[in-house]
Every structure is written in C-alpha cells, then in structure tokens.
Amino acid sequence: MNLVRTAMLLAFMTALFMAVGYVIGGRGGMMIALLMAAGMNFFSYWNSDRMVLRMYRAQEVDERDAPEYYGIVRDLATNAGLPMPRVYVIDSPQPNAFATGRNPQNAAVAASTGLLQSLSYEEVAGVMAHELAHIQYRDTLTMTLTATLAGAISMLGNFAFFFGGNRDNNNPLGFVGVLIAMIVAPFAAMLVQMAISRTREYSADRRGAEICGNPLSLASALRKIAGAAHAIPNYDAERNPATAHMFIINPLSGERMDNLFSTHPNTENRVAALERMAREMSAGSTAPARPDNAVRRSRSVPKTGWGRGGSEPPKGPWS
C-alpha cells in the first residue's frame, strides 16, 4: 500500500512540475519539465537520503564514537526486526531527529547533539524507536522524495517569475498564469507534505512505543522537544524548510503548533494518544507503564570538533 501511495505522490509532484513548465514555456516547457521531473525522481530515489544528510552536515558515528546512542539504535532495531541503520549526529543545539533512506536495507537515523544532551536515556530510546517505525513502514522514502521535490517545485515557481512573463517564450497564460504558478505550485506541494506527515506521525508514534515498550517515555520526549524546538533555532532547517516534515517535531522556529498549515500534528494530541496507549498497556500488565522520572544519565556525545554552547553552527559551503 505504501508503494502505491509513493507512486501517487510522485505522479502528483510530476504533474505540478509539468504545470509550472507549461506556464513558463507552453507545451515545450511542459515536455522539458516532464523530462526534468523523471530525471529528478530517478536521482532522488537513489540519492535523496545522502542529499538530506549533507544539508544538515550530519556526521556518521559508530559504537566507538557514541557507544550509548549507537547501542540504543542497535537494540531497538533488533526489537523491531530491522537491519541496523546507519547512525548520524547533527551539530545543532535544537533537540530533534529524523530518519531517511529508500528502504530498511538502506536507511539512516540522525539525532541532534541537543537531543542527545537534553533527553534521558529512555526518552532518546523513545525518539529513535519512532524513527525506526518510519523506516519499518517505509515512510522514509516518501518523506525524503517529498522534501526533495517540494523544494524543487518551489524553486521552479520562483524561476517562472523571472522567465515566464515575457511574450516571446510561448507562454499561453501570460503574467497572470505566472503569478498563479508561483502561488499554487508551492502551496500544493506544502499540502501534500502536510497530508503525508500528519497521518504518518501518529502511526510512527504508536509503533515506536511498541518497539521501545514505553509510550510515556516517547510522550515525555515529544513534550520536551516541542518545548525547545521553537525556542532554539535550527539554521539549516530554516534554509531548507521543505525538509521540515521529516523531523519528529517541526524544526522551524516560526511554526505554531496550532497552525492550520502545520506539517506535524498537534503535540498535545500526540501525547494524549500515547497516554491512552500506556493505559491500555497497563490494563493488561501487572507492571504499569510509568512516566520517565529517572535521573538523566550522563551521555557521551561524539567528539566531532563541534563547538558547545554557540548560538549558530559553523558556516558551511551553503551558507
């Protein structure tokens, strides 16, 4: 079923691409856009995970670099019956995490230094279990392709403003059509992202709670991440907003959780669903699930040469 949804998503995104191409250059522009979309879909399928990890300058770690973090992912992957994904750390004080990859055999999980430093062992396990659930449900392919194509559609819409309005380019709709393309194409891409992310986050929350065995640890983590995510900026996410739906909590500082156009469900609704799940589990168990009250363990964060306590990450080639 996920493969069918992914195919429908790619078809819709391709149609958007072609529509903007038509506005820019008529039938010829539409055909060029079709070829571009086909090439981009092919390239994104094989490379979008690497592109996203590169956007966030994620660094791969192993058991020697981050034994506790790596061990959490390894044990949870075993619980879920999944191959061991590649494990990455993102240099960002904002607590957050995401998963990417075209299938469970070629998947990766990434957590920020802020998450590893501010959450308890059990809360980190809940977050990583959520990300492994996305991998198990093959959401990662759809989310990563959506991020890549939505960003491209937005850029093409801006391109239309500069090259779609003059009369010599075979544009059948004129400047009005260009304005429509600039507004409608990115907005439609955003609606697709919303529909994908909102429905899949609930499923990943539930499956993640099953994998880690404690819904309340994940609920506690969501509350902490949501509380910090909009107070601590993620500069790379601000530069690449099309990837926001990939994170466990929206990383954009301007995002309000009650916003009609949020890429994520309301955090309190997610927490309430996990608390209901905990009560259901408690009813069938002699050891009821409890909130995470454990003292936060000291956690080794990989020695990557990153600064600590800075308000802005080091500048990279995209800055």
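Every residue, even glycine, has its Cβ placed from backbone N, Cα and C.
Summary of the site annotation: Swiss-Prot records Zn(2+) binding at HIS130, HIS134. Screening the candidates GLU63, GLU68, GLU201 against this entry identifies GLU201 as the one listed for that site.
If you take the C-beta of GLU201 (Zn(2+) binding site) and look for same-chain residues 6 or more apart in sequence within under 8 angstroms, you find ILE248, HIS264, PRO265, ARG270.
Same-chain residues that are not part of HIS130, HIS134, GLU201 yet have a Cβ within 8 Å of the Cβ center of the Zn(2+) site turn out to be ALA99, GLU131, ALA133, ASP139, ARG200, SER203, ALA204, ASP205, GLY208, ILE248. The Cβ of HIS130 (Zn(2+) binding site) lies under 8 Å from the Cβ of ALA97, ALA204, ASP205, GLY208, LEU218, ILE248, each on the same chain and at least six residues away in sequence.
Packing around GLU131 (active site) is summarised by its Cβ count: 29 other Cβ atoms lie within 10 angstroms of its Cβ, all protein chains included. Around HIS134 (Zn(2+) binding site), the same-chain residues six or more apart in sequence whose CB sits under 8 Å from its CB are ALA99, THR140, MET143, ARG200, ALA204, listed in sequence order.
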